[in-house]
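Per Swiss-Prot, the features are as follows:
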type	residues	note
TOPO_DOM	1-28	topological domain 'Extracellular'
CARBOHYD	Asn3	N-linked glycosylation site
CARBOHYD	Asn10	N-linked glycosylation site
TRANSMEM	29-49	transmembrane segment
TOPO_DOM	50-81	topological domain 'Cytoplasmic'
TRANSMEM	82-102	transmembrane segment
TOPO_DOM	103-126	topological domain 'Extracellular'
TRANSMEM	127-147	transmembrane segment
TOPO_DOM	148-157	topological domain 'Cytoplasmic'
TRANSMEM	158-178	transmembrane segment
TOPO_DOM	179-195	topological domain 'Extracellular'
TRANSMEM	196-216	transmembrane segment
TOPO_DOM	217-224	topological domain 'Cytoplasmic'
TRANSMEM	225-245	transmembrane segment
TOPO_DOM	246-284	topological domain 'Extracellular'
TRANSMEM	285-305	transmembrane segment
TOPO_DOM	306-348	topological domain 'Cytoplasmic'
REGION	322-348	region 'Disordered'
COMPBIAS	322-332	compositional bias 'Basic and acidic residues'
MOD_RES	Ser335	phosphoserine
Amino acid sequence: MDNSSICNPNATICEGDSCIAPESNFNAILSVVMSTVLTILLALVMFSMGCNVELHKFLGHLRRPWGIVVGFLCQFGIMPLTGFVLSVAFGILPVQAVVVLIQGCCPGGTASNILAYWVDGDMDLSVSMTTCSTLLALGMMPLCLFIYTKMWVDSGTIVIPYDSIGTSLVALVIPVSIGMYVNHKWPQKAKIILKIGSIAGAILIVLIAVVGGILYQSAWTIEPKLWIIGTIYPIAGYGLGFFLARIAGQPWYRCRTVALETGLQNTQLCSTIVQLSFSPEDLNLVFTFPLIYSIFQIAFAAILLGAYVAYKKCHGKNNTELQEKTDNEMEPRSSFQETNKGFQPDEK
């Protein structure tokens, strides 16, 4: 018998004689170390983002949750429906369609909070949307998957990792709450922390993508259709989220916030669900899709950020946004404008 055709017993994903992700000791150690480091860094970044959240505004979004409702409709209405349409349109395999839908049903990721800061978004709305979408995902993910996946698979076979969702919620709420307290007690120190954290957050987003590429570099053999869907999906999320928020009468800075919350998904949660729910043979077909989505959602978010910065430099202050903020918000200057001296309310 030809031993070369035997799958490596240490492989993590195998199909017959195909081993697409043999796990070396280096990969195993790197995975544990980087997961630990990234988790700690993410908690610190979310703490710094909390330093830009004001309690009375955060509670105001919960009492008058129009922005949160729009975000909810985008997160658990637009994204699953878009995933379903793309899956049918491209005629992908049932197991691949299910993974696309799992990605679309995931709540927003913490990267959206970091990007919302950089595009002068509503940080209070961003954090409240991420918190609410993660909490609501406990019920909405099973419901959306039941509705959209039953033409391909029994939704009961999909394992929802409620412990991971709970961990994500705790990892978001606790650091942000501490940051809010620091902002309340020591606003000057909070400004410094926010500046450092916003830069660290931008670096962290890139670092997560690079680490993912290193850890799963041998799993990049995947059907071209999934590459195309992974490219279109985040663009659709950003565009449709922005459009729906604008149709709902939200001001421009909140439209940017909702767009980011819609397009930037929790890809780590999707990867966890995929690994818990599928056999090694099926994983061979879909394992890399969450990472593909993650790369393109970050890439397009960076493009949008660059376009926004260029627009600000070319056009200066936006009088339309100033009028909208005066008419619709009637809120005092937030800590974001105070922190970034040159930014005025009309730019938010």
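Yeah, the Cβs are placed from backbone N, Cα and C, and that goes for glycine too.
Just so it is clear, the model here is predicted, and its values are computed rather than measured.
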Tertiary contacts of the transmembrane segment (158-178) (same chain, 6+ residues out, Cβ under 8 Å): 39, 42-44, 46-47, 49-50, 53, 98, 102, 107, 110, 127, 130-131, 134-135, 137-138, 141-142, 145, 149, 266, 269, 272-273, 276-277
Beyond the flanks of the transmembrane segment (225-245) by 6 or more, those residues with Cβ under 8 Å of it: 67, 70-71, 73-74, 78-79, 82-83, 86-87, 90-92, 96, 100, 103-104, 254-265, 286, 288-289, 292-293, 295-297, 300-301, 304
Same-chain residues at least 6 beyond the ends of the topological domain 'Cytoplasmic' (50-81) whose Cβ lies under 8 Å from its Cβ atoms: 101, 104-105, 107-108, 117, 122-125, 127-129, 132-133, 136, 140, 144, 147-148, 175-180, 182-184, 190-191, 193-194, 197, 237, 240-241, 244-245, 248, 250, 254, 257-258, 261-262, 265, 331, 334-336, 339
Residues of the topological domain 'Extracellular' (246-284) by DSSP state, where helix covers H, G and I: 30 helix, 1 strand, 8 coil
For the topological domain 'Extracellular' (179-195), distant same-chain residues with Cβ under 8 A (at least six beyond the ends): 46-55, 58, 117, 335, 338-339
Mean predicted confidence [pLDDT] for the topological domain 'Extracellular' (1-28): 50
